[in-house]
Amino acid sequence: MESVDAALRYLQRQFASVASDEAHWNEERQKLQAQVRELEDQRSEQEQAYKDAMLRVKMLEFALRQERGRYLASPAAVSSAGGSSTKPRTESTEVSRGVTVTRSKSGRTIEQPSPAPSPAGSPKAYSIYRTDSRNKSASSTPKNSQGKGTEISRPRMMSRTASGREVEHLTLQGELRCTSKTNTNGTGPNIGGSLVPTSVHSMLTDPKTCVVGYTNGSIAQFDYAAERVIQLTRAIDVDTKGRGGQVNKITVHPTMPVAIAAHQDRKIRMYDMRAGTTGLMRELAAHGDDLTAAHRPKLGEAVHSVTYHSSRNFIATGGADSTIKIFQ
């Protein structure tokens with residue numbers, strides 16, 4: 001009997017040890033499960049924080065684009081770091097408004113002043129008297145001018161003329177600073193062997209240059225300081241023998257070196273000004289439905305004007321079919 005009792009006691013001790021180990025293992029499992037749940041909660045919180053941060057970044061980018069668009073479109077002068085405001089822009093604007101240029105019988109250029117200025121605090125108008133040959137060229141510009149463009153960040157004005165010249169950069173005194181040389185590169189309708197410009201716009205990403213469109217569909221980029229052509233590009237499918245592919249309007253992207261041109265052949269072409277002669281990026285048939293035209297078929301379905309939105313990815317075009325289209 002003693003051996004049986006000893007065996008029973010031994011079995012009881014073994015069962016108690018197994019039960020104790022099982023309870024210990026259950027406790028450790030509960031602790032590990034709690035740690036796993038805590039780590040999962042931390043991961044979900046980190047994912048939510050990442051989503052919030054990305055949303056804030058996108059909101060900041062959108063706000064920055066809007067502010068840049070308002071800055072580019074604002075006509076007000078920009079204040080310097082010292083707090084003093086610069087007035088050249090306002091005065092240069094008033095120069096173009098307040099000075100009248102006339103031609104006398106002797107062939108000299110006489111600029112007559114505008115009426116008496118208003119009281120203190122109002123913008124000033126300047127009167128300039130110049131008789132040199134360059135200013136005579138400037139005085140003849142309004143007669144033959146086909147259009148003009150201004151630069152937002154600097155007091156410059158550019159115009160395209162029937163004589164094949166671009167008049168650029170007016171100083172605060174209204175003096176003609178630069179008349180770019182005529183361009184003899186390429187083929188197509190020309191005057192005296194030079195291409196005729198039809199539209200001009202300053203490059204917002206490179207304030208020292210501007211882009212010019214021509215009657216043969218070419219796009220040129222000019223350097224103000226050097227008075228030279230940086231590059232001349234043209235799409236392969238543009239007809240250079242006539243005016244079927246001429247550039248009616250040219251505009252630029254506000255933040256990228258991209259020029260958008262509206263051509264006479266009913267197409268919108270986008271050019272990368274960094275790619276040189278092979279800069280054609282994309283081509284769109286903007287106004288191509290002849291059946292919807294409500295006009296005389298004299299100009300076909302030409303695109304007359306194109307512009308790019310200052311803060312969003314939209315392009316608006318106006319065509320000879322009396323239709324305004326918006327592309328995204």
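Glycine too: its Cβ is placed from the backbone N, Cα and C atoms.
The range from 22-56, 162-196 that TrEMBL describes as coiled coil is residues 22-56. When averaged over the coiled coil (22-56), pLDDT in the model lands at 93.
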